[in-house]
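In what follows, a structure is listed as structure tokens, so that the remarks can point back to it.
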């Protein structure tokens, strides 16, 4: 019985080991993010609301996928946090803020190192350079939190080319002085061209979804088959040991019956002698 239990436990650990790569397949830099990021709320509360922090903002952060901007954005966050750290004293009143920022700098530096180890080779970068901007603590650390959340689910991009260029046809911000005009009607040829471009972009999107599905299947199927094989081996082992266990129980019962018979015979002899 103990051998059977040991085999079952071994099968369970084997399945956990086989599923381990599946669990860690998401978030290539997830283990670099520590619980120190939770102190951001405390830091924002300690800083003046009108305090301005300089950050070179990466264009397209709000409209492009995370793998398009995360590598460059985290480098700029590292620079800004290091500058902010230098403005706080490592003593007395500034100790709390200094300690929090110092921990955040270490996290960001680890993420920069992780991105250097996992570079995105097939990503076409935008020609626009990061733009220096001034942010309040709330907005700055909002960008910081968005970058951290992106790292938690960041994965290596598929081998297909991934466009990371902001469309030049994106509409500029509306000016309040602009008057309302009649809608502009496209000629039939231009409208047809736009429909073709739209269908092409839809095909690209569907292809990217299919690629991600294939990647997931490539990881999940081996783990599933290993699970089935493991349980099959466990069932065969149990079936093989079951007759032995049955014979052991039967032999034990026979021995107990023989012992009872011998005891009764001894008692009869003693009674006859008396």
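Even glycines carry a Cβ here, placed using N, Cα and C.
Look at Swiss-Prot and you will find 29-114, 68-164 tagged as disulfide bond, backed by similarity to another entry. For 90, 97, 145, 196, the entry in Swiss-Prot reads N-linked glycosylation site. Residues or ranges marked as signal peptide by Swiss-Prot on the basis of sequence analysis: 1-25. Per Swiss-Prot, the feature topological domain 'Extracellular' maps to 26-215. Positions annotated as topological domain 'Cytoplasmic' by Swiss-Prot: 239-274. Look at Swiss-Prot and you will find 216-238 tagged as transmembrane segment.
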Quiz item: Could you count the residues of the topological domain 'Cytoplasmic' (239-274) that DSSP puts in helix, in strand and in coil?
Solution: 35 helix, 0 strand, 1 coil
Practice problem: Based on DSSP, name the secondary structure state of residue 68 (disulfide bond): helix, strand or coil. | Solution: helix
Quiz item: Given the disulfide-bonded residues 68, 114, and counting only Cβ atoms in the protein chains shown, which has the most within 10 Å of its Cβ?
Solution: 68
Practice problem: Let me know the most crowded of the glycosylation sites, choosing from 97, 145 and counting other Cβ atoms within 10 Å. | Solution: 97
Self-check item: the topological domain 'Cytoplasmic' (239-274) [mean pLDDT, rounded to integer]
Solution: 78
Quiz item: Could you state the CA-to-CA distance between residue 97 (N-linked glycosylation site) and residue 145 (N-linked glycosylation site) to the nearest Å?
Solution: 17
Quiz prompt | Rounded to the nearest Å - Cα separation of residue 145 (N-linked glycosylation site) and residue 68 (disulfide bond) | solution = 17
Practice problem: Calculate the distance in Å between the alpha carbons (Cα) of residue 68 (disulfide bond) and residue 114 (disulfide bond), and round it to a whole number. | Solution: 16
Self-check item: DSSP three-state assignment (helix, strand or coil) for residue 145 (N-linked glycosylation site)
Solution: helix
